[in-house]
Amino acid sequence: MGKQESGGEGEESSLPLFESTSARFRGIYRVFASTILVGICLIWVYRVTNIPKPGEAGRWAWIGMLIAEFWFSLYWIITQSVRWDVTYRRPFKDRLSHRYEDKLPGVDIFICTADPKMEPPTLVVNTLLSVLAYNYPTEKLNVYVSDDGGSEFTFYALLEAASFAKYWTPFCKKFNIEPRSPQAYFALHSDVHDVKYGQEWLEIKKLYEDMKNRIESAVETGKIPEETKMQHKGFSEWNLKVAKNDHQPIVQIITDGRDTNAMDNDGCRLATMVYVSREKRPQQPHHFKAGAVNAL
């Protein structure tokens, strides 16, 4: 039994990670391209051998046409380097994950936002949730949200997203959801009859709508629930005078992937999620989002 198992593992490790296939009907395309090349050569011969003599009308126009045709013909010939022998390569992601999952590198993802009015927090949240649901080991995934507007409403939205991610991430993995942005997904599947997992779909949609309504309500009223403020000490950063272009640096770890208690509802570890708002002062140039990326 032991030998058979090791043999199976050895066979699995020797399987290729991708396959290469040639495009169909390559011969037909090569014949077609060859006839075009012959036609191009004939046009060149005709243009060169029939150039008007000096002093004749249309000589410079003829030369101009010759140069243009030569340039476009040369461009067409160069493009044949990628069309003459088209090859498709299909990776086997399952084999890659099985063989090298322990060796996959850590990935840092930056999400930048600058204004909670022009870029509503719900839009940022949908981008964040689609990233958190990546098909990648979550313990190696770190997401940094750069809020260049220093808005407590964006911070509040991320806290709501972190709670919803405990349901959304396992839902995406269980049913292989695409697209993984909740807003885009529910716009594409707007009715429970569009999916096979109706009950779970209804539950997750209700959770999303509730989260979205709480965020939008806070933005519209300009007030974050006091209960939420008391639960997270990060809101104390906004006890100081915080303006869009004048505030201290704010860094808050919303979800720590190293924490064994940071789990989703299926018991899988959540990705690290960090809120970052760099220091900005009116007397110092901040270089907009480029400066925010540099700070990250």
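Keep in mind that glycine also has a Cβ here, set from the backbone N, Cα and C atoms.
Distant neighbours of the transmembrane segment (27-48): 62, 65-66, 69-70, 73, 76-77, 80, 83-84; these residues of the same chain sit at least 6 beyond its ends, with a Cβ under 8 Å from one of its Cβ atoms. For 27-48 (among others), the entry in TrEMBL reads transmembrane segment.
Feature annotation from TrEMBL assigns transmembrane segment to 60-78 (among others). Long-range Cβ contacts of the transmembrane segment (60-78) within its own chain (Cβ-Cβ under 8 Å, at least 6 residues beyond either end) map to 36-37, 40, 43-44, 47-48, 50-52.
Around E119 (UDP-alpha-D-glucose binding site), taking its Cβ as the centre, 18 other Cβ atoms fall within 10 Å, counting all chains. For E119, D148, the entry in TrEMBL reads UDP-alpha-D-glucose binding site.
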